[in-house]
Ligand code: GLN
């Protein structure tokens with residue numbers, strides 16, 4: 001077994017907009033530092049092992065994410081991994097699926113219940129660049145950049161904090177979505193992006209997010225290895241800097 005194992009969870013149903021690339025970015029950044037790393041792919045119908053160091057869950061279409069929610073609830077591996085404090089990184093439909101409930105294919109579906117959040121619908125689909133200032137994790141200081149394409153309006157409960165505050169784009173929800181479920185706590189929900197809860201980091205950023213946000217990638221690697229982010233040797237990859245500059249322009 002490799003020194004570091006990264007689970008790519010259900011890429012056959014949750015892997016839109018290149019989200020599978022997050023696992024590849026993590027593997028690439030670890031290998032550049034001489035850490036023997038492998039990606040373990042878990043497909044629909046296969047049990048999720050609890051002993052991986054880090055888990056990546058991507059985005060997907062409505063029907064696909066309903067299948068994912070059912071699978072991840074029935075096979076308890078990801079839930080157990082979260083209970084063990086293993087880092088989990090989830091994108092868009094992945095974020096919604098890990099919540100308490102979400103709306104898909106015109107109905108409300110039970111989520112896995114790892115994130116204190118419910119997802120209803122935005123006033124209209126949001127598609128475009130999503131930029132935010134990190135908020136929920138002190139070590140994260142670099143502006144977050146990604147691409148969003150979703151209909152979900154996610155309201156966070158008291159156990160979940162936003163990953164960032166939106167500078168451009170929508171993120172978790174718009175004003176319509178914030179009040180759709182009659183939530184009296186709409187304040188602060190509009191303009192929130194993503195979720196931080198225990199060992200889980202989730203976001204609406206596709207991109208893949210970790211190609212655009214190397215500091216976030218390294219934070220996940222550091223957590224997976226049980227070390228401080230500041231202890232990771234910096235990587236000088238000019239293409240990544242160039243990509244960030246272009247997307248943030
Ligand atoms: N199906 C979900 C929505 O439209 C998630 C989409 C996605 O993962 N990009 O909100």
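Glycine residues also receive a Cβ, built from the backbone N, Cα and C atoms like all the rest.
What TrEMBL records for 5-213 is domain 'CobB/CobQ-like glutamine amidotransferase'. The feature active site, nucleophile is assigned by TrEMBL to 92. The substrate binding site feature in TrEMBL is assigned to 125. What TrEMBL records for 206 is active site.
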Fewest-neighbour residue among recorded positions, criterion Cβ within 10 Å, set 125, 206: 125
Between the residue listed as 'active site' and the residue listed as 'active site, nucleophile': CA-CA distance (Å): 8
Spatial separation of residue 206 (active site) from the residue listed as 'substrate binding site' - C-alpha basis, Å: 15
For the residue listed as 'active site, nucleophile', the number of other Cβ atoms found within 10 Å of its own Cβ: 30
Whole-number mean of pLDDT values that fall within the domain 'CobB/CobQ-like glutamine amidotransferase' (5-213): 95
